Amino acid sequence: MSAETGTGRPVGPDLQVVEPVRMDPHVTAAEALAVFQRKLPGALAAVQAVHHPFWWAALDVRTRGLFRRSASGPGQRMDVLVNAVSGRGMIADFTPRGATAGSSEWSSLIGGQSGPLPTRDEAERTARSLARAKVVKTVKLGMGIEITPAGGLRGVLKPNWIVSGGNAKHEATILVDGLDGSHYIVRVDKVGQS
Amino acid sequence: MNIETWFLLIYFAAMAGIGVWTLKVGSKGSEGYLLGGRSLGAAVTALRLQSSSMSGYMFLGAGSLAYTKGYFSLWYAMGDIGGGVLNLSILGRRMRKLSQILGSLTSIEYLEHRYPSKWIRVIAAPVAVFCIFFYVMSQFIAGGRGLEMVTGIPYAWALLIAVGVIVFYTFLGGYLAVAYTDFVQAIIMLIGMLWILIACLQAVGGWTAGNEAVGQINPNLLTMWGPDGIESVQWGVIVGAVLVFSIGYMGWPHVNVSHMAMKRPSVARRASLYATGFNLLFIPAPYIVGIMALILLPTLDNPELAVFAVADTVLPDFAVGIVMAGIMAAIMSTADALLLQSGTIASQDLFQRFVKKDMSDQQSVWVSRFTVLVLAVIGYLVAVNDPPAVAEVVIFSTTVLGAAFVPVYIAAAWWKKANVPGAIASMILGTVSSVVWQLTGLVDVTGVDPMGIGIVCSTLALILVSLATQRSHPVPAHVLKAMKETDKIGAIPPSMLTGQNDSLAGQVPKDARDER
C-alpha cells in the first residue's frame, strides 16, 4: 500500500538514522477520498499512501524562578517534529509510535529531495527554539527555562495520503494529512487544460 | 521640543517596533496577515476588541456628552460597558468555530459562507468599506487634532504624521501587528484615563464635593434625564444610546474579525472576563471627568476637548505626555483595525472573489497593503482640506454598520433557519432605513434613534423573509452540519475543516509536485 518516493541520492552520514519510526495513519484511505470528494463533488480518485521524513526531538522542559539557579520539579516532556526536508518544526500533541522501518527507507526519502536539507544540528536548534518559544508564551516574564534533550534525534516517517483524480470539470491532486485529515491542494486544473 | 512631544515620539517608535517585529511572523501567508494565524490568547483578544472599538470617541465624544448633558451620558456608558461581554458571549465562541469550519478568513467572507450566495458579498462588502472609510477618516482627523494640540505643529503636518504612523505598522505586519499594538494601546489608554480621573477628583475635592458643585450649576445634571429634566426625555433616543454601543457593537466587521483570530473557541470565555474588567475600570472615567470639567473649566469653548483640557489643567507636564500617548493610542488602535479591515475586504471579498480568483497569498497581502495605502491617502486629502465633524461621522457610520449587520451576524451563529434571502433583505433594509431616518431628519420628528429603527427593520426582515422562503431557499446541509457542530463545546473534527492546511505544503512528495 505504501508507495514511497525517492531516487536514492546518497545522503551523508549526518543525515542517516537507525531504525526510524514508521507511524500508522489515523485517517483511513476512505476518509482521505471523502476529503477529496468534498472539494470535488462526484470525483473519482486514486489514493496512495506516502510517508514524509521528520526529525523527532524529545525534550524535557523545566522552568525556574528569576533568582533560582536550577530548576526544580519534574518539568514537562515535549515532542517536537522537525520536517527533515523543509526544516520547519511543529510541537506534536502525541508521542510518535509505530513500527520500526529500515534505515534505507529513510535514506531513500531523504535522498529523493532536491536542494539543501537541514542538518541534524539545525533540526535540533529548531526544536529547542520552538519549545522555548512555546514555553515563553505561557510563563511569567523573567522566568528561566531549562531545556534538556531526552535522548538524541530520531527519525519519524509521518503518514499522509496523496489523492489524485477528477470530476467532469476539474482534475486535482491533494495531500491529506494521515494523522488529522487536514488537506493541502497540490494542483488543480480544469479538464482540457494542460 | 516639549516633554509631551518626547513621550509621543517614544510611543510612536515603540508601536512601529512592534510592527517590524511582527513582520516576520505575521505575513507568511494570508491567514497570518489577515488573522494572525488564529493565534491570539484571551487577554490580547479582549483588550484588542475593546481598544479598537472605543476609539477617539471615548476621549472626545464621551467627555463632550458628559460636559453638556451630565449624568444622562451614562446611558451611552452602560451600553459601552456591556458591549464587550455581550459580543464575546453571544458571538465569540460560535463565530470562531463556525468560521474555521467554513474556512472563512474575513468577517464578510464568513457571512457569504454561512449564507451561500455571491449577493451577500456584493451587498455587504461595499456597505462595510464605505462606513469603515468614513470611520477611519474621523480617526485621522481626531489623531491630527490631538497631535496638533500637544506638539503645536500645524494641523496638516500633525495629520500627516498620525496617518503615517498608523499606516506604517498596519502595512508591516497585518493583523498580528494590529492586535499586539492594540493590546499595548489598551493598557496605555487605561493608565492614562485613570490618571486623569484620579487627578481630576483630587482637584475638585472628591467625588461627593464635585457632585455638589455640579448640582449647584444645574441639579438636573446629576440625574439620568439630562439638563432639562425628566419632562424633556426622548425615550427613543435613550434606547438608541444604549443600543449603539451594546448590541450595535456586534455588527462591526472590524470588531468581529477578532473572534475569528482567537487561538481556540474557548478563549472567548476568559476574554469576556478581561473585557468586563477593562470596561468597568475604563469606561466610566471619561464621563466622570467630562462632568467634573464643568467645575474645573466652566467656560470651555469646545466640549469635545473637555478630557484633553482637564488633563492639561490637573496633571504635571510629563504626565500630560503619557496621557496624550493614551489618547493617541485610542485613536490609532481604532484607525489601524479599520484600515486593515478595509484592506481585507478589498483583497479577499472583492478582488479575489470577483476579479482574480487564482490570486496567490502573497498577491492578496499586497492588494490589502495597496488598499490601505490608497484609503489612507484619500482619507488624508479629505481630512486635511475640509474636515467634517468627527462625532457626526462616527455616529453615522457606526449606526449604519450596526443596523446592517447585527441581525445577520447573530442569526449566522444561532438561528438555523436564517437563509440567504432573509440575510439580503435584512442588510438592505437595515442600511436603507437607518440612512433614510438619519438624512431625512426623522430622528427629531419622532424622537426615535436611527440605530433603534434600523435594528428593528433589519431584524424583522431577517425573520419574516427567512421564514417565508424556507422552501424555496433552504439552508444548505453542510451549513446546518457546521452549525450543529458549533453547538457543541470541544475541538472541531479535522474532517469538517474545509479550509486547507498550508503547513502541509512542505510534506508534498517530490513526484507529486513535479506533476504540476
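Using N, Cα and C of the backbone, Cβ positions are placed for all residues, glycine too.
TrEMBL: automatically predicted annotations, no manual curation.
What TrEMBL annotates here:
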type	residues	note
REGION	B:495-516	region 'Disordered'
TRANSMEM	B:6-26	transmembrane segment
TRANSMEM	B:73-91	transmembrane segment
TRANSMEM	B:119-142	transmembrane segment
TRANSMEM	B:154-176	transmembrane segment
TRANSMEM	B:183-204	transmembrane segment
TRANSMEM	B:233-252	transmembrane segment
TRANSMEM	B:273-298	transmembrane segment
TRANSMEM	B:318-340	transmembrane segment
TRANSMEM	B:366-383	transmembrane segment
TRANSMEM	B:389-415	transmembrane segment
TRANSMEM	B:422-439	transmembrane segment
TRANSMEM	B:451-469	transmembrane segment
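Recorded stretches compared: B:233-252, B:318-340, B:389-415, B:422-439, B:451-469; the one with the most Cβ pairs under 8 Å to the transmembrane segment (B:366-383) is B:318-340. The stretches the transmembrane segment (B:183-204) and the transmembrane segment (B:73-91) are not in mutual contact, being linked by fewer than three Cβ pairs under 8 Å (pairs 6 or more apart in sequence). The stretch in B:73-91, B:119-142, B:273-298, B:389-415, B:422-439 that contributes the largest number of Cβ pairs under 8 Å to the transmembrane segment (B:233-252) is B:73-91. Same-chain neighbours of the transmembrane segment (B:119-142): 55-56, 60, 108-109, 111-112, 159, 162-163, 166, 253-254, 331-332, 334-335, 338-339, 341-342, 345-346, 349-350, 353, 375-376, 378-380, 382-383, 387-388, 390, 393-394, 396-398, 400-401, 404-405, 420, 423-424, 427-428, 431, counting only residues six or more beyond its ends whose CB sits under 8 Å from a CB of the stretch.
With pairs at least 6 apart in sequence, the transmembrane segment (B:273-298) and the transmembrane segment (B:451-469) have fewer than 3 Cβ pairs within the 8 Å limit; the two do not touch.
Touching of the transmembrane segment (B:73-91) and the transmembrane segment (B:389-415) is concluded from the presence of at least three CB pairs under 8 A, sequence neighbours closer than 6 excluded.
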